[in-house]
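Listed in Swiss-Prot:
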{"type": "ACT_SITE", "residues": "Glu360", "note": "active site, proton donor"}
{"type": "ACT_SITE", "residues": "His391", "note": "active site"}
{"type": "ACT_SITE", "residues": "Lys516", "note": "active site"}
Amino acid sequence: MASPALISETEAWKDLKAHLEGIKMTHLRELMGDTERCQSMMLEFDNIFLDYSRQQASPDTISKLYRLADAAHLKQKIDHMYNGDHINSTENRSVLHVALRAPRNLAICSDGKNVVPDVWNVLDKIKDFSDRVRNGSWIGATGKELKDVIAVGIGGSFLGPLFVHTALQTDPEASKNARGRELRFLANVDPIDVARNISGLSPETTLVVVVSKTFTTAETMLNARTLREWISSALGPSAVAKHMVAVSTNIPLVEKFGIDPNNAFAFWDWVGGRYSVCSAVGVLPLSLQYGFAVVEKFLQGAHSIDQHFSSAPFEKNIPVLLGLLSVWNVSFLGYPARAILPYSQALEKLAPHIQQVSMESNGKGVSIDGLPLPFESGEIDFGEPGTNGQHSFYQLIHQGRVIPCDFIGVVKSQQPVYLKGEVVNNHDELMSNFFAQPDALAYGKTPEQLKKENVSEHLIPHKTFTGNRPSISLLLPTLDAYRIGQLLAIYEHRVAVQGFVWGINSFDQWGVELGKSLATQVRKQLHGSRVKGEPVEGFNFSTKTLLTRYLEATSDVPADPSTLLPNI
């Protein structure tokens, strides 16, 4: 008998649907009262502790989710990914970001070729180059050391490296290595982003890293040309070769741009943009800032989770469990969003990065075979570090819509503070909230409890908390480069698990193309209107009205202006 075309047609899915009503009738207050259940929903790997006991799930739910994983052939799909099979079927590509952090002695193949030696050739080149820049043997055109780096990229070429950079900034080892250095990321084509990036920097001491696989990405290349002009207008055109390097596979265009092709760092088609932080995309700028040794620890941390994900049984597998629970929350309980709530300011850029990894990967409406999905898939991801988020959107999470939450805590702060006479230290104050919030969401507060506290009758409806709001708690021992790598890989693989179970292609992103193609038409119209005075034509009434209004209000912009750079 042929396998069902959609996971929702399997008996395992239907069994979970039937099981759902009983779970909906059971409050988390009752579920949390079962100590044996709670113990069964705790897991530890390499001193990372996961507690998922505050999920709206029983041990029977978890067993049924494992059966769903089997029905989706989850283990086989994971193996296919690690074996280099072309699981990105719409682009006919392998998906091998795990190879980017593999040790030298490991063999991971794509199309019959072990790609790990190629990866390490690039890593060795990055180490050599970043060492030379950091020790002053590679200098700028005027003989000054290059202490400042601007990485130019967008999407996956920006969000992942920015997350890691922000997390490392306050790590003691990394911050010591970065002393006297500056790393900035230029992503938005908005000239304000250019102005902010070059503000306070001198072209003489700045190295620009242009990140574009094809070297044709519109926003990135316009920003790259802008910084090229910033450098060449101050130092002369020949300075570009000393002040700009590339992460790209298109060597002819790199050379045409004015960058020495020897200073181009490769990556491959089997690396998706949102999974590219462990490639030269992230490793080069991060190594320039923190030194290769620190970044290598980050890669080792990611690899440790890669091994765990590929080898641990499902019941002891952190990414698998998190992925299955997300499927449960989205497709069965009907919760469309997830809040990522790290109780560490160093992780302030985690949620924006995972937002892209998750929503670009799993924001699909059809199966990998092109069939419309008859169930909800994908999550709306957002988040903010605690306790900032508590004074922002937690109100809605507690008393509005139900939004499953990921609470991420760190046992030892990167930068501990102790004040004599305080009841608790600063990190304990932070962690008090980390431990309290999941219980507040799970248990809530009943009208009966409020009456016992003599709360006024008219305020009881306003002060009632329904509870029964699911969350997971992930506790990391520290937040160094190794643990940051682990955290990244946990979320990357969790997203893959969701896609594998839903039966979608988590590794393409056709949804970003339509807007880009329409922008090409608008770009052509703006040029024609400014240079030739052409009327706005070929658009619907709304767009025509907006475009005309914009052109009229900017009629003072010259058709062929002289170069003007930000002045800030």
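A Cβ is built for glycine as well, from the same backbone N, Cα and C atoms used for every other residue.
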Rounded to the nearest Å, what's the C-alpha distance separating Lys516 (active site) and Glu360 (active site, proton donor)? Just drop the number here, would you?
15
Residue pair His391 (active site), the residue listed as 'active site, proton donor' - Cα distance, angstrom, rounded:
29
Other CB atoms, at most 10 A from the CB of Glu360 (active site, proton donor):
22
Counting every protein chain present, what is the number of Cβ atoms, excluding its own, within 10 Å of the Cβ of Lys516 (active site)?
11
Counting across all protein chains present, how many other Cβ atoms fall within 10 Å of the Cβ of His391 (active site)?
10
